[in-house]
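Peer 1: Reproduced below are the annotations present in Swiss-Prot:
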DISULFID  C165-C213  disulfide bond
DOMAIN    146-226  domain 'Ig-like C2-type'
CARBOHYD  N28  N-linked glycosylation site
CARBOHYD  N75  N-linked glycosylation site
CARBOHYD  N151  N-linked glycosylation site
CARBOHYD  N184  N-linked glycosylation site
SIGNAL    1-32  signal peptide
Amino acid sequence: MGAETMESPSLFLCKGLLLTASLLICWNWSTAALLTSKEMRFSAAEGAKVLLSVPDQEENLLSFSWYKGKDVNENFTIAHYKKSSDSLQLGKKVSGREEIYKDGSMMLRAITLEDTGFYTLQTFKAHGQQEVTHVHLQVYKIVTKPYLQLNHTRLKRKSASILTCVSPDTGVDINWFFNYKPLNATERITLSPEKRELTISPVWRADVGIYLCEVSNSFSSKKSYPLLMALAYG
């Protein structure tokens, strides 16, 4: 019976890295397999372009492949580049919006919410070095411009007024403005739990003016057109 070979221990490190779009990078180094495993995170707004770039890839680079998802599998190949022949082969998961660069980076153009997920870069370098980088892309929705609705077109003093911030977006933050300054809630001026409705009861002369609402998420914000609230007399 042959002698058993003891597998070399691996070292796992996880360190924060501050980049323009990257949030986290971790790596797992195995001296036995000369294999390095990393994870990076990027975020961008829908409709934009984003460069998925892994640092320090160009030196001693022989070839690399990009995959859709976390599996290194031919069926999920986006593209494969071979330096010796300067050739680029497209795979089954190419969408036509990719640009592949010789340093191993990949540009995605006109990204959509469906592009959110993992991408994997596999690189082969001199001396048998292999590196696998899992890149997570988070695509954020650009919010839609909201608009204001008023429950009555003719308001009278001491009546109740309800303004509604209308937006098709969900999971957003809503802020209100009066005469272009942040509006503070009071006993008379209250907000619904999701802040989509602003109720003024009773309406006073001091409430006459311009109202706006703003819808925002982590990546974008938009304000409604101003609405002038006035009182009717007689």
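First residue shown is number 1, and so on along the chain.
Each Cβ is built from the backbone N, Cα and C atoms, and glycine gets one as well.
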Peer 1: Here's one to test understanding: among the recorded positions N75, C165, N184, C213, whose C-alpha is closest in space to the C-alpha of N151 (N-linked glycosylation site)?
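Peer 2: That would be C165, the closest of N75, C165, N184, C213 to N151 (N-linked glycosylation site).
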Peer 1: Three-state secondary structure of C165 (disulfide bond) from DSSP?
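Peer 2: C165 (disulfide bond) sits in a strand per DSSP.
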Peer 1: If I take the alpha carbons of N184 (N-linked glycosylation site) and N75 (N-linked glycosylation site), what is the distance between them in whole Å?
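Peer 2: Distance between the two Cα atoms comes out at 56 Å.
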Peer 1: What is the number of residues in the domain 'Ig-like C2-type' (146-226) that are helix, strand and coil, as DSSP sees it?
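Peer 2: Each residue of the domain 'Ig-like C2-type' (146-226) counted once, the result is 3 helix, 37 strand, 41 coil.
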Peer 1: In sequence order, which residues at least six apart in the same chain have a CB under 8 Å from the CB of C165 (disulfide bond)?
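Peer 2: Listed in sequence order: P146, L148, I174, W176, K195, R196, E197, L198, C213, V215, S224.
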Peer 1: When neighbour density is defined as the number of other C-beta atoms within 10 angstroms of a residue's C-beta, which of the glycosylation sites N75, N151, N184 has the lowest density?
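Peer 2: With the glycosylation sites N75, N151, N184, fewest surrounding Cβ atoms within 10 Å: N184.
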Peer 1: Average the pLDDT scores across the domain 'Ig-like C2-type' (146-226) and report the rounded value.
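Peer 2: Across the domain 'Ig-like C2-type' (146-226), the average pLDDT comes out at 93.
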Peer 1: How many neighbouring Cβ atoms, not counting its own, are there within 10 Å of the Cβ of C213 (disulfide bond)?
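Peer 2: Its Cβ has 24 other Cβ atoms within 10 Å.
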Peer 1: Going by DSSP, give the three-state secondary structure for N75 (N-linked glycosylation site).
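Peer 2: DSSP call for N75 (N-linked glycosylation site): helix.
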